[in-house]
Amino acid sequence: MANVRGEFSSRIGFILAAAGSAVGLGNIWGFPTQTANNGGAAFVLVYLILAFSLAYPAFMAELLIGRYGQANAVTSLQKLSRTLFQKRFAFIVGFGGIIFASLILSFYGILAGRMMSFAIEPITQIAGLDAISGWVVTDSLIRNLFFTASFMFLTLYIIRKGVKEGIEKWSSRLMPLLIGLLICLIVYVFTLEGASVGLNAYLNPDFTRTLDPNLIISALGQAFFSLSIGTSTMVIYGSYISKKENLISLGAQVTLIDVSIAFLAGLLIIPAMYVAQAQGVAIFAEDGSLISGSNVVFVVLPSLFSSMGAVGSIVAFTFFVLMTIAALTSSISMLETPVSYVVERHNMERKKASMIIGGVIFIISAAIISNVEVLLGLVITIATEYGQPIIAMLACIFVGWIWHRNEILKELQQGNDDVENSFFWKVWPWYVKFICPTAIALVFIHYLNT
Ligand code: PHE
């Protein structure tokens, strides 16, 4: 049956699935890289403030739209609309998000494929397959195509099975493992020389830098990407949440998990950068900037793992497998976004819709791979720097200006008796109405001006 809607079977199932969408390469790769690029602790501080004060309210707006509509993003938004104009606006916001989720998946698959190749490399080493091991980590067209396709297949395999059997089952099993390994690695890093300098760089902010507009903008973009906002993804995940759940606390918990994992990843990778530097690997230039730019995580981690001696290969393997999994719980949420739309609006069978959309996205990935230097950066910029902020801003406008306050309250009251007197209800409606759209618009205007 194509059109029986899924629902997360348990509270913890949703938390893990939504946290699975949020936690991904953005946390473990993007956040530490951005932190190192933007003055360390000052970035961390601004990121934390923005994640809770702007990203969380926008995240709640999207979840709420989905839970109310119990449908894909376009249908859910249209259920809130009264006039024809609003319905058209709803289509643009919902469909726009779906397009950006698909575009994000097209480059995410390439990066996640690279993670997979790093997971396979230690096995080929242990097995003594030197030729393969070299091929696996050397950037080449064929390697990139191969691993991107493999990653896409994994994503498709899970998505074809639907909400309960696919998304929820996998997310609940794998997320806790990732957190456990991160903590073990942090403990290990702090036994090494140089880690305390890194800790200082990570936690001791230079407050004068916190006002740097570029830093603020990068931190906001990172917070949006990390919570998967502005892609219709959280609308569709919201639609799978039962009406018995307390949405306010669910959303807060997912935000906390997402931010904590980014914070933990930074606590591992920033000190590891200084450890690597102390061991003679060139990480920072004289002026403190990163030598290998956004690839630094790929340089630092292997060097950390090789310092572990014999167990290093096993740890490297485990780490990159878990990274691939973290990417997978995000990629399934991206693919679910267009798939649920086509299944519900065009009555297509789920398996067929998954295959067709997965295929189209892979073709876009292949096009990007054919000219990585130009296209990768371009697609990332279009989807994350323009697309996500605009769609998130429009979703906030929808909730703040089109949706009736009383209806919002009624939706929030399902699964929570005490909304009216809560701090959330006193602040959040104003927030989504005025502060979120204004702040996001400012970010966007800045992009246009630079
Ligand atoms: N939040 C995911 C990450 O941090 C990326 C993502 C973006 C997932 C948009 C879904 C939608 O890696």
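Backbone N, Cα and C atoms are what each Cβ position is placed from, and that goes for glycine too.
These features come from TrEMBL:
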type     : residues : note
TRANSMEM : 12-32    : transmembrane segment
TRANSMEM : 44-68    : transmembrane segment
TRANSMEM : 89-111   : transmembrane segment
TRANSMEM : 141-159  : transmembrane segment
TRANSMEM : 179-203  : transmembrane segment
TRANSMEM : 215-238  : transmembrane segment
TRANSMEM : 250-276  : transmembrane segment
TRANSMEM : 296-328  : transmembrane segment
TRANSMEM : 355-380  : transmembrane segment
TRANSMEM : 386-403  : transmembrane segment
TRANSMEM : 430-448  : transmembrane segment
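Under the criterion of 3 or more C-beta pairs below 8 Å, with sequence separation of 6 or more, the transmembrane segment (355-380) and the transmembrane segment (215-238) do not qualify as touching, having fewer than 3 such pairs. The stretches the transmembrane segment (296-328) and the transmembrane segment (250-276) meet in space: the count of Cβ pairs below 8 angstroms, excluding pairs fewer than 6 apart in sequence, reaches at least three. The transmembrane segment (12-32) and the transmembrane segment (250-276) are in contact, since at least 3 Cβ pairs between them lie under 8 Å (pairs 6 or more apart in sequence). Recorded stretches compared: 44-68, 250-276, 386-403; the one with the most Cβ pairs under 8 Å to the transmembrane segment (89-111) is 386-403. Recorded stretches compared: 44-68, 179-203, 215-238, 386-403; the one with the most Cβ pairs under 8 Å to the transmembrane segment (250-276) is 179-203. Between the transmembrane segment (44-68) and the listed ranges 141-159, 179-203, 215-238, the one holding the most Cβ pairs under 8 Å is 215-238.
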